[in-house]
Amino acid sequence: TIWAFNPHPSIAHSKALRKRVRLVQVEREREREGVGNSSGDRFQCRSKEQRSRGYVVHKMSRKTMKGARIRKDPFSKLSFDTILNALHNSHGEQALEDTLSKLSGQLRTCDVEEVLKHTKNLEHAKLIFNWAGKQQGYKHDTSVFNVYIAHLGSAKKFDSVREILEQMRLEECHLNDWTFTSLIKSYGVAGMASQATQVLDLMQQYDHECSIAVYGTLLTILLKDGLSDQAELVYQRMHEDGVEPNNHVFSILLYGFGKLGKITRVYEVYWEMVSAGCVPDEITQHSILDGLCKGGMVDEAQKIFEIVLKGGSVEAYNILLNGLCLAGRMEESLQLLKEMKQKNKLPDIVSYNTIINSYSKAGKSDDAVRLFQEMGENDVLPDRRTYNMLIDGLCREKKVDNAIQFFDQMVKSGCSRDTVTYTSLIHGLCEAEKSDLARKYFDEMQEKGFEGDSVLYTSLIKTFFKSGQVNDASKTFTSMVKANCQPDVVTYATIIHGFCKALKVDMAEKILRAMIQRGFNPQSATYSVMIDGYCKSSQLGKAYKLFQWLVTAGVPIDRSLYNIFISCFGKAGHIAESKRVFESMVKQGLSPNVVTFMCIIASLCKIGKVDEAYGYYKRMAIFGVTPDSIMFNTLIHGFLKAGRDGEATMLWKTMKSLGFALDACLQRYVENGYFIRVIPDANKLHRKGPLRHSLAG
């Protein structure tokens with residue numbers, strides 16, 4: 001006979017069995033090779049200590065060992081890893097169903113439970129749950145049912161949940177508190193907190209006693225959703241059922257009512273808590289203060305802190321500090337910090353970080369730095385979060401030189417930098433348009449093994465384009481893709497805008513195509529930039545082709561895009577096309593603005609068609625558009641150039657009545673008496689000079 005021992009017969013039997021079989025195989029191989037002996041003494045249960053630990057001795061004959069060596073262990077096929085691999089390697093429900101149907105053998109509830117926990121897709125969870133329930137010798141236990149109920153609840157399949165509960169009852173499977181608390185939480189996640197109270201009736205239906213854990217979960221969900229009236233009814237029902245609240249339930253009520261600003265109810269629950277013999281511990285005190293502060297009731301939090309709680313710990317002070325900072329009451333937070341020192345409640349790193357963070361975000365980095373220095377005086381060592389907040393605050397105010405000093409100081413003080421540290425500094429350098437330094441620290445960041453996100457890459461790309469470093473911008477985009485950091489809509493728009501501005505329209509076109517292929521829908525502004533780039537690079541054909549595609553594809557086209565076309569066609573001398581686009585814009589129901597009229601009027605004046613230009617000027621009133629100073633000056637220039645002094649003078653008078661001034665060029669002609677022949681009293685306003693000057697020369 002051969003002896004083997006198993007540390008736990010109900011769980012590890014198969015594991016020990018496999019191990020012993022393997023050892024026997026090794027011993028027999030050694031025996032055949034003439035090495036050692038096969039007495040099996042190594043497998044003896046040699047001490048009482050092993051037996052006292054719960055080891056169970058199993059006696060197995062050589063025949064049994066031979067059978068064990070030949071047959072595969074039944075658990076090997078249906079272990080957690082086996083089922084999980086089937087799940088991961090199957091694409092689609094049908095593939096998973098086919099894969100599961102090929103598995104056979106014994107199955108453990110613990111494996112099914114773990115697989116369900118790792119399953120994200122409800123349909124996959126349903127397939128595994130149903131498949132496992134049909135396996136021979138297997139039966140779902142409460143834990144498996146609970147995990148599946150959580151899946152159904154997360155998917156808002158509450159009707160299916162009731163079916164599963166009924167199945168549990170038919171299979172005589174015990175329903176526990178976790179079953180119902182999981183269902184209550186699912187209602188909360190689904191935004192259906194008001195319907196979570198139905199669970200109490202459901203529990204009665206299944207003869208399950210409502211425990212304090214269930215009531216606590218339900219009260220948390222209701223108060224978090226602002227349903228204080230329903231929470232009161234549940235609390236009353238809790239008393240009627242004879243369930244006495246404990247410290248945890250009281251903490252839930254105090255926090256919830258405080259956050260909702262129900263101060264009177266907070267006082268009532270507090271005294272009820274004391275009357276019930278529950279001593280408010282620090283967690284409860286903190287719940288009261290935190291709830292009031294987050295509900296914007298900082299003054300009430302201070303009153304309770306001073307009257308009811310009669311002072312408190314450093315943690316309680318920190319909650320009040322955070323409440324004051326969130327309310328923007330920075331001076332009061334500093335006073336409270338002084339009070340802490342006076343009452344020997346020495347501020348800790350949390351106290352200082354809370355105020356430093358608020359000052360940094362409020363654009364008061366100088367005050368934040370002063371508090372940082374005070375920390376050193378009080379022997380409070382800054383941590384990484386302290387430095388990150390200071391660097392971020394200084395960068396927001398474009399004090400990047402000071403930010404770099406703190407960046408360098410971090411390592412000297414023993415604080416390691418992280419992704420947040422580098423990201424904050426690089427963003428600040430980008431905003432300050434210091435592209436070279438931004439690139440330096442970005443390279444250092446990558447050398448340290450930190451990865452940037454799409455926002456950081458986009459910021460760098462934008463900075464490089466602004467600095468005229470088009471190649472660096474292009475390389476940064478390439479490295480972004482290689483780093484598996486997927487560009488977003490903003491990234492693509494930034495690159496397209498940068499390339500178009502640099503008149504590298506072909507590169508911008510490639511990026512636009514890649515953007516569309518990846519499933520992104522460019523905004524109208526992106527198309528406008530692309531079309532503007534085509535126009536500025538004298539590729540009007542491509543611009544118009546893209547415009548026509550937008551119309552055919554039903555992409556919303558805004559007014560700015562039409563304005564770009566009207567301006568570009570006009571500048572290129574294609575007045576007919578410019579007017580056609582104008583009329584198309586009107587037909588689409590888009591009202592032209594002053595920029596639209598300015599584009600077409602300037603084009604017409606440029607080629608001497610002042611009558612048409614004046615016609616568009618008159619049409620402005622129909623659309624409710626008021627001409628501006630540039631419009632008047634453009635028309636006056638056009639009339640004067642055409643020798644139409646009378647029309648120019650009338651426009652000048654209209655212009656003056658609206659409070660607009662002539663541009664520098666026209667002002668010089670007026671000062672030289674250019675309009676004296678037309679306007680008799682002009683010599684009273686301006687000094688005399690030559691009667692006429694040619695605008696052309």
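A Cβ is built for glycine as well, from the same backbone N, Cα and C atoms used for every other residue.
Automated prediction, rather than curation, is the source of TrEMBL annotations.
If you look up TrEMBL, you'll see 156-272 marked as domain 'PROP1-like PPR'. What TrEMBL records for 211-245, 246-280, 313-347, 348-382, 383-417, 418-452, 453-487, 488-522, 523-557, 558-592, 593-627, 628-662 is repeat 'PPR'.
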Other parts of the chain folded back onto the repeat 'PPR' (558-592), taken as Cβ under 8 Å at six or more residues beyond its ends: 524-525, 527-528, 531-532, 535-536, 538, 540, 543-544, 547, 550, 599-600, 602-604, 606-607, 609, 623-625
Just give the helix, strand and coil counts over the repeat 'PPR' (211-245), going by DSSP. 26 helix, 0 strand, 9 coil
Other than its close neighbours in sequence, what residues sit by the repeat 'PPR' (453-487), given a CB gap under 8 Å and a spacing of at least six beyond its ends? 423, 426-427, 429-430, 433, 435, 438-439, 442, 494-495, 497-499, 501-502, 504, 507
In DSSP terms, the repeat 'PPR' (383-417) comprises 26 helix, 0 strand, 9 coil
